[in-house]
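Scroll down for the structure; my scribbles are underneath it.
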Amino acid sequence: MGTANDSSKDISDRLAEKHPKVVFVLGGPGSGKGTQCEKIVQHFGYTHLSAGDLLRAEKNSGSENGIMIQNMMNEGKIVPSEVTIKLLQKAMLESGNDKFLIDGFPRNEENRAAFEAVVRLCLSHFFDAAKIEPEFVLYFNCPEKEMERRILNRNQGREDDNIETIRKRFKVFLESSLPVIEYYKGKGKVREIDAAKPVEEVPL
Ligand SMILES: Nc1ncnc2c1ncn2[C@@H]1O[C@H](COP(=O)(O)OP(=O)(O)OP(=O)(O)O)[C@@H](O)[C@H]1O
Ligand SMILES: Nc1ccn([C@@H]2O[C@H](COP(=O)(O)O)[C@@H](O)[C@H]2O)c(=O)n1
Ligand SMILES: [Mg+2]
């Protein structure tokens, strides 16, 4: 188990030893990422890590970043990558698994570039360092009206599930997250999924 004093390099060294396999799970707010990840976990043995859930837990833990995270989330903005990546790395290390579904990350170009920098650091320990990319990217494509309907019916007590913040989150998705999906499309990494279907019919 890591301690609060672990340096970034310690964490990267320990992660490198794991040789983790990573699948990114992207899609608009309410497209069903979390719901479908639960199904993938049951069938394919991945560990599901939701960046949003990790940030919510960090906010609720009373950490020094708590207020900043809360303010960013209430505005639908993307928290600085340094914070989110640390939480993801810690969760990956604490997991006994080496296969991860990373849900809701990378959410913008800054997230993506920071992820690549961290993976480069990990891979620099190996002579066969070749890949700084995820295995693949699942893109849950769903019309905005349906995503809005789902979020407004979610009832999980999320402070950002109100119409004002939902609209801001949609704008951030279009302006900042879609370009990341396009980037991975250009690399042939994206598997696009019709997420508008009923839960049991979404093809995985
Ligand atoms: N295919 C579906 N059809 C109808 N409702 C769905 C479907 N998938 C998920 N839902 C419901 O929609 C809501 C949002 O789903 P979920 O939390 O999985 O989305 P998400 O992509 O993780 O959203 P966010 O980015 O806001 O975390 C939940 O209440 C869930 O039960
Ligand atoms: N990489 C990320 C992921 C999420 N956030 C913040 O959390 C909010 C909720 O995310 P969900 O995936 O649970 O919908 C999101 O609106 C962001 O404020 C982030 O900053 N960076
Ligand atoms: Mg989710």
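Cβ atoms are placed via backbone N, Cα and C, with glycine included.
When the candidates Arg149, Arg150, Arg167, Arg169 are compared with the ribonucleoside 5'-phosphate site entry in TrEMBL, which names Arg56, Lys77, Ile78, Val79, Gly104, Phe105, Pro106, Arg107, Arg158, the shared residue is Arg169. TrEMBL names Gly30, Ser31, Gly32, Lys33, Gly34, Thr35, Lys197 as ATP ligands; from the candidate set Arg14, Arg120, Arg154, the record adds Arg154 to that same site. Taken in sequence order, the binding-site residues Ser31, Lys33, Gly34, Arg154 that lie near ligand 3, meaning a CB under 6 Å from one of its atoms, are Lys33, Gly34. Remark: of the binding-site residues Lys33, Arg56, Arg158, the most isolated position is Arg158 (fewest other Cβ atoms within 10 Å of its Cβ). Counting other C-beta atoms within 10 Å of each candidate's C-beta, the binding-site residues Gly34, Gly104 are led by Gly104. Farthest C-alpha pair in the ATP-binding residues Gly30, Ser31, Gly32, Lys33, Gly34, Thr35, Arg154, Lys197: 17 Å apart. Within the group of binding-site residues (Gly30, Gly32, Pro106), the Cβ with the highest number of other Cβ atoms inside 10 Å belongs to Pro106.
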